[in-house]
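Chemist: According to TrEMBL, the protein carries these features:
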- 45-63: transmembrane segment (TRANSMEM)
- 83-105: transmembrane segment (TRANSMEM)
- 112-134: transmembrane segment (TRANSMEM)
- 140-163: transmembrane segment (TRANSMEM)
- 175-195: transmembrane segment (TRANSMEM)
- 207-229: transmembrane segment (TRANSMEM)
- 241-260: transmembrane segment (TRANSMEM)
- 306-326: transmembrane segment (TRANSMEM)
- 336-362: region 'Disordered' (REGION)
- 336-348: compositional bias 'Basic and acidic residues' (COMPBIAS)
Amino acid sequence: MQTNFLSQQFNAGFLAENSTACPANATICDGTSCVLPEDNFNQTLSVVLSTVLTIMLALVMFSMGCNVELKNFLGHIKRPWGIFVGFLCQFGIMPLTAFLLSLAFNVLPIQAVVVLIMGCCPGGTASNVIAYWVDGDMDLSISMTTCSTLLAMGMMPLSLFIYTKMWTDSDAIVLPYDSIGISLVALVIPVSFGIFVNHKWPKKAKIILKVGSIVGAVLIVIIAVVGGILYKGSWIISPKLWIIGTIFPAAGYILGFFLARLAGLSWHRCRTVSLETGMQNTQLCSTIVQLSFTPEQLELMFTFPLIYSIFQLLFALLILAGYRLYRRHRVQTKTNVEKTEQKEDSKSNAKINGGFVSDEMK
């Protein structure tokens with residue numbers, strides 16, 4: 001009796017594993033032909049990440065605003081030479097570089113369009129966090145981010161109209177002005193509060209700034225890692241897009257730095273302009289791509305914004321590490337020079353005063 005029962009259990013399990021019945025979540029089922037509900041994982045994840053990203057970056061930008069002096073910030077607005085250089089980099093160098101890379105690698109038209117969209121997106125707020133860590137001009141960084149996001153309302157359609165003519169009709173690209181507007185609000189309001197706190201309570205502002213800078217750096221890494229792991233986009237895309245995703249941010253950093261230097265900006269402002277140029281708003285690019293193209297088209301280039309995001313972060317960390325090493329070496333060299341000068345002064349004083357010279361000074 002027990003043997004028959006076990007045999008029945010085995011047969012039931014075997015039939016269940018090898019059954020041709022449709023899955024329980026199928027919406028239409030006809031024998032072995034099933035229609036499953038549409039997988040909205042990417043869309044849901046995008047909404048969740050966008051919401052969390054907006055809230056957390058708003059808090060980070062509040063802390064960044066605590067490092068902004070109102071007088072200096074208004075000075076950049078009144079004498080916008082640095083902002084103008086950043087404008088040329090953001091809406092001049094980046095779209096042109098995207099266009100030239102697309103031509104050089106001869107990518108598909110739909111892939112060329114997404115590369116151009118990435119080149120036209122304004123700089124993201126992550127550049128402000130990295131600019132703080134490389135001792136950049138925070139007043140210039142935040143004013144550049146604000147102005148580029150505002151000017152993107154008009155410059156993005158213009159740039160896409162100019163550069164996408166040979167591949168597609170620019171009217172087919174849907175620009176989410178609401179997302180751009182939200183990004184602008186999420187930037188301006190927290191920074192304004194931060195500037196106010198810095199003006200009223202400068203000591204507390206320094207504490208908020210230190211905490212916010214660390215949280216911001218950690219947040220940038222977490223977003224990149226989570227996006228890379230959870231997005232169900234097809235990673236099997238053209239190797240050409242991987243190469244472009246590597247070269248593009250590096251070209252933005254380098255060209256932005258050299259253009260700023262040619263414009264006569266100081267070294268710390270050159271670092272700021274470089275970061276504002278190379279670091280793009282990849283989340284905005286992903287939103288535009290999802291709104292503008294069909295699922296079949298998305299398979300060819302959906303993950304390019306994520307590829308760009310990974311490499312722009314990687315190069316930014318390399319810039320940060322290089323600057324920190326340079327700064328440490330410079331401090332050590334300066335300290336050694338000061339010690340040498342002190343020894344020489346002590347020797348000369350000893351000779352003048354007829355004193356003795358210790359072994360440490362010889």
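Cβ from N, Cα, C; glycine included.
Automatic prediction, not curation, is the source of TrEMBL annotations.
As the structure is a computational prediction, the values presented were derived from the model and not from experiment.
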Chemist: In the same chain, which residue numbers or ranges, 6 or more beyond the ends of the transmembrane segment (306-326), come under 8 angstroms Cβ to Cβ?
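Modeler: Hits for the transmembrane segment (306-326): 118, 126, 130, 133-135, 220-221, 224, 227-228, 231, 233, 241-242, 245-246, 248-250, 252-253, 271, 274-275, 278-280, 282, 285-286.
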Chemist: State the residues, same chain only, that lie 6 or more residues beyond the ends of the transmembrane segment (140-163) and have a CB under 8 A from a CB inside it; answer 'none' if no residue qualifies.
Modeler: 61, 64-65, 68, 73, 76-77, 80, 82-83, 86-87, 90-91, 95-96, 98-99, 116-117, 119-125, 127-128, 131-132, 170, 173, 175, 177, 180, 183-184, 187-188, 191, 269, 272-273, 275-276, 281
Chemist: Sort out the residues at least 6 away from either end of the transmembrane segment (175-195), same chain, that have Cβ-Cβ distances under 8 Å to it, and list them.
Modeler: 50, 54, 57-59, 61-70, 73, 122, 125, 142, 145-146, 149-150, 152-153, 156-157, 205, 208, 281, 284, 287-288, 291
